[in-house]
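Below is one structure, written out as structure tokens, with a few remarks after it.
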Amino acid sequence: MDFKVGSLDTPKPANGDVGSLAANHVSTLKTSTSSTQLCSAEATLGRHLARRLVQVGVSDVFAVPGDFNLTLLDDLIAEPGLKLVGCCNELNAGYAADGYARSRGVGACAVTFTVGGLSILNAIAGAYSENLPIICIVGGPNSNDYGTNRILHHTIGLPDFSQELRCFQTVTCYQAIVNNLEDAHEQIDTAISTALKESKPVYVSVSCNLSAIPHPTFSREPVPFCLAPKLSNSLGLEAAVDAAAEFLNKAVKPVMVAGPKLRVAKACDAFLELADACGYPVAVMPSAKGLMKETHPHFIGTYWGAVSTAFCAEIVESADAYIFAGPIFNDYSSVGYSLLLKKEKAIIVQPDRVVIANGPAFGCVLMKEFLPALAKKLSRNTTAYENYHRIYVPGGLPPQCDPKEPLRVNILFKHIQKMLSGDSAVIAETGDSWFNCQKLKLPEGCGYEFQMQYGSIGWSVGATLGYAQAAKDKRVIACIGDGSFQVTAQDISTMLRCEQNTIIFLINNGGYTIEVEIHDGPYNVIKNWNYTAFVDAIHNGDGKCWTTKVQCEEELVEAIETATEVKKDCLCFIEIVVHKDDTSKELLEWGSRVSSANSRPPNPQ
């Protein structure tokens, strides 16, 4: 008897494909690679897992081989429509799955037991914090070894094999230990469907001796996923909309602010519909950049407290009502808890909950249903946008460089701005690139990603690999600091093997600049590398790669022209040499405020 394991929470396209919602769009995915039944020799646990990955939209699995997962990797390779991307280490494989999920809507990685699992753990924790569905597959011990009191290699030397599981329990929303064939089908399906429903990573451990064994539960093509859609409580939705409309329609100068949970709520289009209807000025929190089109006529920039886009914070914080859709308020996004917002003026819309000022609160109300319903009840009010228009003064360009003058960071980003189009995507590494990339004006269709909640340095190298592998229609532009690059540099190698044409701007300022502005010390200075020579050594004549070192504007202009024309099909690595104290004014302000928050004295006992 056929059964369904829920449905991707999106409308089913007319062609019968499964819709998978990524950050701002729906990509359609074939429900099956073949309509024919598999012969019994192919009806194995490993092939079932592989086919499930293809069904939900995964066409690349980022992996590091180890003796416990080798047979499973054979099954993944054998699946049509699935490519195994070998990474240089497990951390980067996890970061790559993170970047892939940001573009495709779901990602997957495969490593070996404990030594691989604990190495990838940091990347999975970051994906958890950013609400990204990733299927983290671990090749586990032989099923016969469970409960035998044996000590295995790749472990900490105890007969208890649960150490890895216990570590993953806090950073995944579901854990499956597949060490027998009878319930393997159910465990795998439950894990994948839970990742999709919760938009969080899951952990799947598959015993190394089970992957290639046929079993009756895998005897034919798996029934396509059909996850039951989440629905709002209709009475709660109606009450929430009425209360919010009354609150906002009484306001004189209301505003809208987009937050990062628009992605997990699958509500980007719904937010845009509300913005079109109400006439309010529209801002984004820094971690929501790229989720709202910046070409919208009422877009006013990034709201980030004291380091907001010019004139944006003044409009948001002076409003008498604001609606925040999917916000995350932490010490970073609040600039050391210094936002000038008042709870009694705010409507906070979370993916499944609405809170109006100091109350009431409405649960079981989905953001993607609430926002369009609210759009129909709001009176159009452009007062706050007109105020913005009155005070707005166009930003000036940085001073012209003298001939051969050492390059400044603001000149670099002036030229990166000119490179952007709907066919590009920006990846911003943790550090001053956060602030400089925030000031870029994104053309419609231009992707944008950074990891603000977790803020793990080195994230961008793996994430760039994964995002570029998923979004082959875009040319990725990655802005990476030298300190971050040194953490994860190896997987430039994998980018070359995958024939990617990313442009990497390596900003060499001699250390951990973001840490310098929070709290300086000798530990923030790093050993300088010959970065272009390093990448040339990785290239080693195999693949398409072009590198150059830039120290002035004339060289930068020439490098960008080469990267976008003659070398447009190559991985282009451009090292930008700048002064160690050349930072954005936003980082200086933000760093001092975060430092103040970090150094608060203990409360009296």
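Each Cβ is built from the backbone N, Cα and C atoms, and glycine gets one as well.
Pulled from TrEMBL, these are the features on record:
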BINDING   Asp482, Asn509, Gly511  Mg(2+) binding site
DOMAIN    44-149  domain 'Thiamine pyrophosphate enzyme N-terminal TPP-binding'
DOMAIN    241-357  domain 'Thiamine pyrophosphate enzyme central'
DOMAIN    452-575  domain 'Thiamine pyrophosphate enzyme TPP-binding'
Binding-site residues (Asp482, Asn509, Gly511), the one with most neighbouring Cβ atoms at 10 Å: Asp482
Segment confidence, the domain 'Thiamine pyrophosphate enzyme central' (241-357), expressed as mean pLDDT: 96
Listed in sequence order, residues not in Asp482, Asn509, Gly511 with Cβ within 8 Å of the centre of the Mg(2+) site Cβ atoms: Gly481, Gly483, Ile507, Asn508, Gly510, Tyr512, Thr513, Ile526, Lys580
Helix-strand-coil residue split for the domain 'Thiamine pyrophosphate enzyme central' (241-357), DSSP-based: 39 helix, 26 strand, 52 coil
Helix, strand and coil counts within the domain 'Thiamine pyrophosphate enzyme N-terminal TPP-binding' (44-149) (DSSP): 51 helix, 22 strand, 33 coil
